[in-house]
Amino acid sequence: MKYITVLGSTGSIGTQTLEIASEQPDKFKAVALSAGRNITLLTEQVKTHKPEVVAIEDENLIEDLKDNINNLDLDSAPLVLGGKEGINAVAAWDKADTVITGIVGCAGLIPTMSAINAGKNIALANKETLIAAGPIVIPALKKNNSRLLPADSEHSAIFQCLQGLPNYENADFSTGVMPKGLKAIHLTASGGAFRDWPVENLKHVTVEDATSHPNWDMGKKITVDSATLMNKGLEVIEAHYLFGTSYENIEIVIHPQSIIHSMIEMEDSSVLAQLGWPDMKLPILYAMSWPERFKTNWKRLNLSEIGKLTFKEPDEFKYPCMGLAYAAGKSSGTMPAVLNAANEMAVEQFLKEKISFQEIPTFISKACESHMENLNLSPELEDILEVDNWARIFVKQEIKKGKKYVSI
């Protein structure tokens with residue numbers, strides 16, 4: 001039995017994680033849950049999973065949550081915490097073996113660091129933690145004897161493929177050191193909602209268009225990131241930190257079927273790939289169960305049913321966010337944190353219909369350019385948090401100026 005903590009239990013990753021726990025009750029027990037504001041769903045999760053502790057980030061909802069839980073008439077009610085301190089306490093909860101980080105965006109950084117500092121194994125679905133704070137996270141993992149296991153499909157695929165390398169059983173794939181025998185990583189991308197749209201039509205994109213993914217069922221923010229290909233650009237940075245691979249050896253390839261989740265190329269020119277239906281539950285389960293594999297009743301992959309797998313190079317003009325991510329990664333230091341925060345704010349403003357779809361990379365680019373003179377190549381955690389806040393304010397202020405920018 002593995003005891004798990006789920007950070008962001010009411011979100012997409014969190015709900016799927018708890019579905020797995022319900023499907024495998026003899027393998028997993030959720031002992032700690034956290035959420036942002038959704039006390040209705042959190043109450044239902046408490047009823048089903050009976051955790052030892054729960055936390056709600058919005059402190060104004062603590063009493064309402066307590067009332068909801070009291071009305072459940074449980075034999076043993078969980079401890080109820082609130083605010084950021086409560087979330088951090090849940091992240092470091094003593095009984096948990098593994099912490100699944102499903103909090104969206106850079107908001108998940110501090111709780112993830114709390115879990116690492118408590119020596120927990122991390123099933124990382126919050127890629128922003130590594131993107132913004134990779135230089136801090138990697139040493140902290142080593143210091144606290146903690147292991148980071150990717151719970152997103154692409155990095156889980158790479159992680160699984162890497163186990164085909166020599167001496168993989170002795171390797172620690174969360175050290176930022178490139179595994180022996182690895183030559184290159186090929187990250188597959190669906191191409192997002194607009195993969196078949198002509199570039200000239202992107203000026204007409206609506207929020208509804210951008211939040212409709214052809215293959216995956218995800219939250220709105222990450223679906224927009226998929227449409228801009230920023231999601232894949234961020235995954236390039238994450239792969240760099242996770243697997244110690246240089247940016248020159250991490251490539252993006254459009255794969256519309258989303259069946260091959262990523263590939264690795266080895267020194268002898270062999271290529272290994274991991275295949276599966278586009279379902280986030282599989283990488284989440286593997287991050288939770290590793291080094292074991294647990295039996296499921298999920299639909300088996302049928303290649304004859306699929307018929308064909310196709311690939312093409314991404315269009316740099318159509319996906320400018322991809323180039324911005326590579327550039328920020330190569331700049332290193334605090335630049336990836338600025339990129340990530342600027343993107344989060346730009347996407348937020350797009351979802352509120354304050355800017356157009358094609359303006360998203362424009363405002364990200366402006367933030368990165370403005371930060372260049374203050375780039376810190378050896379940041380501490382406080383520096384990361386400071387530039388994260390600066391980038392959000394910068395983008396919001398630029399948008400408020402009301403200027404009309406052309407897309408880059």
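Quick reminder: no glycine exception, Cβ is built from N, Cα and C everywhere.
Keep in mind that what you see is a predicted model, and the values were worked out from it rather than measured.
The NADPH binding site feature in Swiss-Prot is assigned to THR10, GLY11, SER12, ILE13, GLY36, ARG37, ASN38, ASN126, GLU128, GLY219; the stated evidence is sequence analysis. Within 10 Å of the C-beta of SER12 (NADPH binding site) there are 18 other C-beta atoms, taking all protein chains into account.
The 1-deoxy-D-xylulose 5-phosphate binding site feature in Swiss-Prot is assigned to LYS127, SER153, GLU154, SER190, HIS213, SER226, ASN231, LYS232, GLU235; the stated evidence is sequence analysis. DSSP gives GLU235 (1-deoxy-D-xylulose 5-phosphate binding site) a helix state.
For GLU235 (1-deoxy-D-xylulose 5-phosphate binding site), applying a Cβ distance below 8 Å and a minimum sequence separation of six or more within one chain yields LYS127, ASP152, GLU154, HIS155, LEU187. The Mn(2+) binding site annotation in Swiss-Prot covers ASP152, GLU154, GLU235.
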- Query: Where's the emptiest Cβ shell within 10 Å among the binding-site residues THR10, ASN38, ASN231?
  - Reply: ASN38
- Within the same chain, the residues at least 6 apart in sequence whose Cβ is under 8 angstroms from that of GLU128 (NADPH binding site) are VAL104, GLY105, CYS106, GLY108, LEU109, LEU234, ASN340, GLU344
- To the nearest whole angstrom, state the Cα distance for the pair SER12 (NADPH binding site) and ASN231 (1-deoxy-D-xylulose 5-phosphate binding site). 16
- Task: Work out how many Å separate THR10 (NADPH binding site) and ASN231 (1-deoxy-D-xylulose 5-phosphate binding site) at their Cα atoms, rounded off.
- Result: 21
